[in-house]
């Protein structure tokens, strides 16, 4: 059964993003009040704010967790044109703060000349890497060569997307058959510009990222984008949040059918398109197995989508902030840990501005 818990976040302005850690027991929120808050889940299921601090000198658009293999590490990005990496430090035995934790800024990434609109850590098999995207259309990929020293980050790649960028998503596949891949969404409002989702793939020969595909059917501003976790599939699934919810499959073509430059080409199909929110869709998030998608929109609901055995995607649940499910087909899906995604998305619904993220 779905239970909605209202959390008095105590942010002084709009909450733009909510992010859960790998285990789903820690949560980070960020806001236009320039702060980030960290929340821990107690044994009785209640969330308690354990840290709150001013992170930037402008609205904080996104916050995200690194894999716990690298410690308790957060990244944030802001209208102030920077991204920052934070690490939780627990007081040592000779410290007055023994056993107490606090968050320390390890680095500030200052390469962008415009608002940094999204930040995402790469899948852990790639090492400690971080991607940012900016309103000026540049995606930057950084690497921490020494995971024990988070103050040193080197800029590895700059990708010019030619369109203002609003969101990014790494392909989580760890298969050696799949090169590192990142999807970029644009919130450019011009209806004349098609292809507001671009896919970039790492080329081992050139050691650079090159554009593999453009989803020409996406012509409306994109607010969020998410590759599904890949548990042995030979193809990729990508969800896009725009004026509706869209789900694409990307099936790699055989190398001899791909371009001679070595970039993989894909057979792309729109397998689902839903306008049930009847409004802008702000967030899309997959469960851990990549079988259930949660979306949130300006209608104040979180909607859950799942494919049946015929690969037909259907809505299996509608969740409202007051905890009341709408419809009757939602039972049985919580075994796939959609609850955290739903809660994350509901918080995003409550705080995401409809004015976009380029201007404060």
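Note that Cβ sites are derived from N, Cα and C of the backbone, with glycine treated the same way.
Feature annotations, reproduced from Swiss-Prot:
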- 10-49: repeat 'WD 1' (REPEAT)
- 55-96: repeat 'WD 2' (REPEAT)
- 111-152: repeat 'WD 3' (REPEAT)
- 160-210: repeat 'WD 4' (REPEAT)
- 217-258: repeat 'WD 5' (REPEAT)
- 276-315: repeat 'WD 6' (REPEAT)
Q) By a Cβ-Cβ criterion of under 8 Å, what residues six or more beyond either terminus of the repeat 'WD 2' (55-96) are in contact with it? A) 13-14, 16-17, 19-23, 26, 28-32, 34-36, 38, 102-110, 112-121, 124, 128, 130, 132, 134, 147, 150, 153, 357, 359-360
Q: Please spell out the DSSP helix, strand and coil residue counts for the repeat 'WD 2' (55-96).
A: 3 helix, 21 strand, 18 coil
Q: For the repeat 'WD 6' (276-315), give the DSSP counts of helix residues, strand residues and coil residues.
A: 0 helix, 22 strand, 18 coil
Q: Calculate the per-residue pLDDT averaged over the repeat 'WD 6' (276-315) and state the result as an integer.
A: 93
